[in-house]
Every structure is written in structure tokens, then in C-alpha cells.
Amino acid sequence: MNIDVVLLLKQNPILLIFVVLSIGLAIGKIRFGSLQLGNSIGVLITSLIMGHLGFSFNADALTIGFMLFIYCVGIEAGPNFFGIFFRDGKHYLILSLVVLSTAIALTYFCSEYLGLGFGLSAGMMAGALTATPILVGAQDALNSGLAEVPRNMDLGLVIENLSVGYAMAYLVGLISMIMFARLIPKLQKVNLHDSAEQIAQERGLGTSGQRKVYLPIIRAYRVGPELITWTDGKNLRELGIYRQTGCYIERIRRNGILAHPDGDAILQEGDEIALVGFPDSHARLDPSFRNGKEVFDRNLLDLRIVEEEIVVKSDNIAGKRLSDLNLSEYGCFLNRVVRAQIEMPMDLNIVLSKGDVLQVSGEKSRVHGLAEKIGFISIHSQMADLTAFCSFFILGILFGLITMTFGQVSFGLGNAVGLLLSGIMLGFLRANHPTFGYVPQGALNMVKDLGLMFFMVGIGLSAGGKIFEHLTQVGPQVIGIALIVSVLPVFFAYLVGAYALKMNRALLFGAIIGARTCAPAMDIVNDHARSTIPALGYAGTYAIANILMTLAGTFIIIIS
């Protein structure tokens, strides 16, 4: 049996999509030294080649791809979006605005000067900033009629120009941002590690980027004469065992009766006590606890140690420091703090925001008691609330249909902004109501990534047919402008942050990369700083930058 592969792919668009995705994702794993191409570039390269070979793609699939992507971006931003302006919030907003306003101005004037075709400039700007939301916003403005297509062009040609501009500029934007992260600290003679240490001392944060996480363990000891001598008649509160070692007494057996001791309890000879703590905490116990006194008793040691992810919800906790939680009162152990999917530097003086996720371990009832105080335990269900997911998706589309008229001018939000807003609403409500709108993070990541990959396939196949023609005609101009638009806004943001806002350099670099939403560069800065301190800045600008970039895409295509 003979199979015409070309004909098969042309007649089966779904098969074509997944063939392109499979090849592209494999290419994305290729590394050049420490630089990995990444999924977006791999899929983009593959789809460009396939597009050049004459394969095409259904526009409806492209549309649903970008709609799912932008909706999921909103859901992820929702929990932290309204609390982002705590502490350094105005700085993060200013940096995001500097990057985008400078990029828009440079794109507009350079494109006007060189006479780039309509749509090329918006696509180029999206690629130069490696910001798919810009491309989404621009394309949606065209589809919804917010942006007027020139009379000598049709919508298909403009979308093609968008795709070509994005494809030619994307690699330039990615490489330039990675080079910025590598070179600017050296050229400015900035020691990011010292900057991270400085902010850590000011705010009481840990700087270690490589931290091992253990579960607490339980050990039981019999109280003997040596331990009674050591306690000197003090009660448990006065002894401060937790403050000194990190262990706490979870159970005590006296005269055969098991009980949970309070702070007023005084140890007596013959008591058997169960202590919970990390392995190194047990090692810090006074020798009078351990020397020949360990007890192996099933009932005494039968404690259920759990590890839970607690989402911060309480208004009384948001905006306060981690130390205000008084974890020692609950006998709980903090393993890590995650904000906007970024692991934060962890120590007692970090300021908490709504939507932060605290990974806490300890005896089950104690962990649940802590969760009731600060928020709720993240649902460990694999089932998503598809009713809420779909309902808010519909709401976003309805938002996009709203049109406002000012005199002779009509203006609407469009699908991109509408879905972004409804996604933020769902994410925010989910952070405040644990049983509503739950979507497992893995499922959300898959939908977002798959939507983005569908979108990339459509972009590449649309641009591939004319990519070499455009490269020979305007390739040098587009690549040159892309380099300018990629580098100068970041440089201006650095100057503003360093000299006008006087930001700590470790936070500043993280914030600039967050404003560019460029995760690969974030890893490089963390490596330079030998710390996760820059992640504080990244998390600060990331959510607001995603929102502003979608609006910027709509704006740049309207003024082009």
C-alpha cells in the first residue's frame, strides 16, 4: 500500500497540527550550550518550514488556541493581580509601563521611517518582546474590527504580515534578553549576589537558591533524672524547646494516658514524650533527651504527618509578615512559599499576599488548624470545575462584544481583553473561595501551553508561505528594528529603576525580566545572584505585564 504523506497531511488538518507539534517540541529540546531553544521556537521553526512547503491551517483552530492561552494567562494572574502593588508595587508598574511605552514608541517611529507594511510592525514588536499576548491583542483587534484594515489590503494579508513579523523577530528578542541577563551585570560592575544579600539582610530573607526540603520526623523519649535536672522545674513554655531546636512536643504519656500538652505542662520523671521536628532539629536536642532514652511505642508514635499546600486567603494575613503567623504555636513547619508559580525566598520577614501558596508539613490536625486561620488547603482533586471554567470563558467572550461609542468613534474590548478580564475574575474568586472554579495547576498549564502551541502552529503556517520572500525584501529592516525594540526598552527600564527609583539591583533585574515575561532569562539572573531573591521582582511585574501587553497589542495595531 502506497501512502502519499503530503496529500494525507493536506487532507487531515488535525493530523497536520499534531505532526507539527511533535516535531517542533522535539526540536525545542535541542540545546546550544546552556541555551535551550524552547517549545515556542521549535514549533515556530517547524511550522514555518511546513508553511513554506505549502501546508495550511484552519483559522478557527488558530483562534481557539489564542483564546484559551489568553484566558489561562488571566486565571494565573488573578490571585495576585489585585495585591501586586504591596510594598514595591508602584515600582513594578512603572517599570512595566517604561518597557511597553518605549517599545511602542520605537516600533511606531522606526516602522513609519522605514515604511514597513501594515501588520509587520505589530508582529515584529510582539516577537522582539517575546510577548505572545501582544500578538494576540493585535490579531483580535483586527478580527473584531477595532483596527481598520487598509483598503489596498485584505485581512488575510495583514494576519500574514503579523505572523511574518513575529516569526522573524522572536529569536532576536529571546537571544537579546538572555544576553542582557548575562552581560549587563558584568558591564555595570554589579554584583548581583551582594545585592541579593543586601535585600535579604534588610528584609530578613534567606538567599539560598538551592534548598533541600525534608518532612518532619517523630521520635519518642522517656523522661529520666538527667532531663528533669535540665528542665529545672520550668514548664514547656519557659523551656522554649521549639525556639531552641525547632522540635515541639506533640504528645505526652503519663501514667498510661496519652495527652496533648499545653505550654503550662511540666515534665515529670517517667513521662514518655513524642517530639516532631526535622532531622537536624532532633540533633540539636539536649543530650539528656537522647542518651539511651529513646522509646519505640506504636501508640505514642502513631501520628499522621502530612504535607499540604495552603493558599493565603485571609484579609488579616495578607500584607503581614510570615513571622506573624506564629508557626511555632501551631507546631507546623514551612517548606516553601510560591507566588505566581515562582518559588520565593523563604524566611520569616517575607510579606504575604493573597493567593500565595505555603507548603506546610506537620501533624494533620495542626496543619488543618493553621489552614483555617490563614486560608484554605489547596484541593488535591484531579477534577476541574469545568462548569465555572466554561462559564467564565463565555463571560469573557461577552465582555469582548461590548462596544462603547464616543461621538463618531466606537470602541470595544475585543475577545483578548474580555477573556483576560474574565480569567482574572475566575482566578481571583478561586483564590478566595476554595470550592469554586478549581482547575489543577497541571491541567491549567496543559491547556495554556496547548493553546499557545496551536497559536504558534497557525502563525508559522500562515507566515511560512511568504517567509523567504519577506526575508529578502524587509528581513534586515525587521531584524534591525527588532533588535532596537528588544534592547532599548530594557536599557531604559534599567536606568529608571537603578537611578530614578533606586531599586536594589537583584530586585530590579528580576522585575525587568518579569516585565518582558522571559522565564529563560530569569534562570540566568538567579544563577548570577546565587539566590532566588530576584524572583521577588519577577513576580511583581509578571502579572501586570501580561495584562498591559495584551492592551499594547491592541493599541499598536490601531495606531499603525
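Quick reminder: no glycine exception, Cβ is built from N, Cα and C everywhere.
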Notebook entry, point to check: Looking at 114-134, 450-470, which one does Swiss-Prot call transmembrane segment?
Noted result: 450-470
Notebook entry, point to check: What stretch of 37-57, 91-111, 478-498 shows the most Cβ pairs under 8 Å to the transmembrane segment (506-526)?
Noted result: 91-111
Notebook entry, point to check: Would the transmembrane segment (5-25) and the transmembrane segment (478-498) count as touching if the test is at least 3 Cβ pairs under 8 Å, pairs 6 or more apart?
Noted result: no
Item checked: Which of 37-57, 386-406, 450-470, 478-498 contacts the transmembrane segment (155-175) most, counting Cβ pairs under 8 Å -> 450-470
Next item on the list: Count, for each of 37-57, 386-406, 478-498, the Cβ pairs lying under 8 Å from the transmembrane segment (450-470), and report the range with the highest count.
Entry: 37-57
